[in-house]
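The structure appears right after this line, and notes come after that.
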């Protein structure tokens, strides 16, 4: 593993936001890999169809040796709490987790509260990846609007807790905090 | 009202852009509340359905004592011109106003010109909130595309006039100008 | 042509990203016009309908004397390679080119590779304009999702090669790189 001299390693909690195919996962992985291995990869993806299966496989293939993968499509807070203190962790991604919570008809505000508490209590370094989805035209269907609202509030809550917030544009980080 | 030592109070005209649930209203309110009360809240929302009514109620509840609310779904320029000079003002939000103008089949470029002139002539401090809607995929329907175009041009025009332009991401401001 | 004292002219390759009607074309034109005329305008637009024809006409009208327009809806790499070395060039825009490549059922990764090589080999100054389309809700239809993916990867590849990457918001540049 090469070192990343330009990536600060001091942040306990980092939120990495970005659009579709913005390079946010890759950037977040580099942030985690700036710490000593092994690294914990907390995956929230659930493969409902071939398109998702292909994306998950691509993400797994790209990760080098040193990663331990844990699946947490719903109990993300639990997975964060169970991690060994000080183990560098990546959560990829919050918007898929939120989708899973909504599809399972769980109580979203309660789940967000629980996640926020787990992130606040984590020793870190913990890097959270999420899709920014609120900068397009208002969606036609009510479910998409509710998803957008929940995602926006989730991001605000975690950004307030984070030491570092990045918006990835074309693979490059804009520092928001 | 607590003071906001990290928020500069010198800007006459501020444009606060952001996505859905990005925290742009809350940030804009704090910018206005950094000035002495009372503050003028110019609301452009029209409640056509329960979803809108709930959003409007939520926004009103969150505002502390010291706010005077004026409704201006269409004659936004008039509401700005009528305000007492030097009274801190918040307009929330421009995209709802633009929606109203389009639904009422008014002349959009003429309305934008009139709004731009009223903002340019205002003594300030005047804070304008608007949704950034142009960073998603091209919408299927022509009305949404026209809305996006009008919103983009409106933002460019007001940003050129503004002393300060912020893009709110996850509740945090990116300084654009 | 007036000079633009605040626009650095040293960048060989610049990527200008922005949303719909964000002012990205206008900003990119100013970057190119900071160099001595004549300037090469490489247009990728194809007019399939009246809406497109009106947009193309508007863009052409706004360009002052000194611009030489070349159409390259598909062979964009070829147009860049054929340009006289050192001639200031503007490509407007990459997302329209990508649309054309997809509609013509060409091999997208091969076309992206060829474009990347042509940009890397260009003497410059070369300014590339493209729409950021990945920051909204996931589109319903698979073609739009594929387009978004291709656009995101294209932007990452060119941003990695670029000396300067800007995100235009309300007509104003945020420096990403």
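Any Cβ shown, glycine's included, is placed from N, Cα and C.
Where the annotation comes from TrEMBL, it is an automatic prediction and has not been curated.
Here's what TrEMBL has on this protein:
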BINDING   C:18-25, C:43-45, C:60-63, C:92  GTP binding site
ACT_SITE  C:59  active site, GMP-histidine intermediate
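Overlay of TrEMBL annotations on the structure.
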| residue | record | Cβ within 10 Å |
| --- | --- | --- |
| C:18 | GTP binding site | 29 |
| C:20 | GTP binding site | 21 |
| C:22 | GTP binding site | 27 |
| C:24 | GTP binding site | 26 |
| C:43 | GTP binding site | 20 |
| C:45 | GTP binding site | 20 |
| C:59 | active site, GMP-histidine intermediate | 18 |
| C:61 | GTP binding site | 7 |
| C:63 | GTP binding site | 16 |
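Reported as a whole number, the C-alpha separation between residue C:24 (GTP binding site) and residue C:59 (active site, GMP-histidine intermediate) equals 12 Å.
Checking the binding-site residues C:20, C:22, C:24, C:43, C:45, C:61 against chain B with a Cβ-Cβ cut-off under 8 Å leaves C:20, C:22. Residue C:61 (GTP binding site) falls within a helix when secondary structure is assigned with DSSP. In this structure, residue C:20 (GTP binding site) belongs to neither helix nor strand by DSSP; it is coil.
Contact annotation for chain A: of the listed recorded positions (C:24, C:43, C:45, C:59, C:63), none places its CB atom under 8 A from a CB atom of that chain. Rounded to a whole number, the C-alpha distance linking residue C:20 (GTP binding site) with residue C:59 (active site, GMP-histidine intermediate) is 14 angstrom.
Following the DSSP three-state reduction, the secondary structure of residue C:43 (GTP binding site) is strand. Looking at residue C:22 (GTP binding site) and residue C:59 (active site, GMP-histidine intermediate), their Cα atoms lie 14 Å from each other. Residue C:18 (GTP binding site) sits 16 Å from residue C:59 (active site, GMP-histidine intermediate), taking the Cα positions as reference.
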